[in-house]
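All remarks here apply to the structure that follows.
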């Protein structure tokens, strides 16, 4: 039987401030604020059974909000990256393996964060310019492609993906997947590709845009499986689709991070399913297996820093999956 993987995580949205203004986003906020170290510790303390600390938040807020920059300086940090690093270290101290998706980072910034991250991520979304990204400098395809390549040069286990239904066409989706495949052929660092469906959010410019159909999503998953190298997992977010089974039959083999203590702050209207419900959705045709935020292949290759070694050795089994 084929294996379907998932990770037990805790979601830490450090800030909703962001330099991008994407037409579909309901997460971004103008209210200046950042989670304190105490808040981060509190969330982590409540995260029973989780091994992954998922840090996802607005992109480069310190570059567009002078008040945000001033707040960081007052807290003793020169930049958001310095603050992220400190929060990553707290997570490691408390027994969690960080995965950071901070939006666009330079090669040097990723180099700085690498020792304290089991993996990192950045959605490609689409490799073409789209109207919904007109006010989002960080969503320029060439900027995102460069970062994904740079992560490969640094040998950082990496998550990327496509967002389906944001104004792109079928050919654009195929092109985006081909770009990811080409990067993987060169660097070998991409562990998973998320095929995510757009969901309209009230109060956004795209609130009346219809989401992609089930057929479009299944076709995108099939295309991803055909185009991407076999070692790359295809992830379908289980809280954004009604039934994961057809997607697994189409080629998906990962259901991402699942949390029993925090909700999906990007899609708050879509709660994560319980592991037991996921088990039932597999209909006895697949084996559900817990993994770490670093995939088994990279555990075996030791693509991680010394700071994470004790935790990875503690949490991983002989095959690189999470110990039961």
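Glycine is treated like the rest: Cβ placed from N, Cα and C.
Residues or ranges marked as domain 'Radical SAM core' by Swiss-Prot: 4-239.
Its Cβ taken as reference, residue 22 ([4Fe-4S] cluster binding site) is surrounded by 23 other Cβ atoms within 10 Å in the chains shown. Summarising the annotation, Swiss-Prot assigns [4Fe-4S] cluster binding site to 18, 22, 25.
On its own chain, residue 25 ([4Fe-4S] cluster binding site) has 18, 201, 204 as residues at least 6 apart in sequence with a Cβ closer than 8 Å to its own Cβ.
Counting every protein chain shown, 22 other Cβ atoms lie within 10 Å of the Cβ of residue 18 ([4Fe-4S] cluster binding site). Each residue in the domain 'Radical SAM core' (4-239) has a pLDDT score, and their mean in this model is 97.
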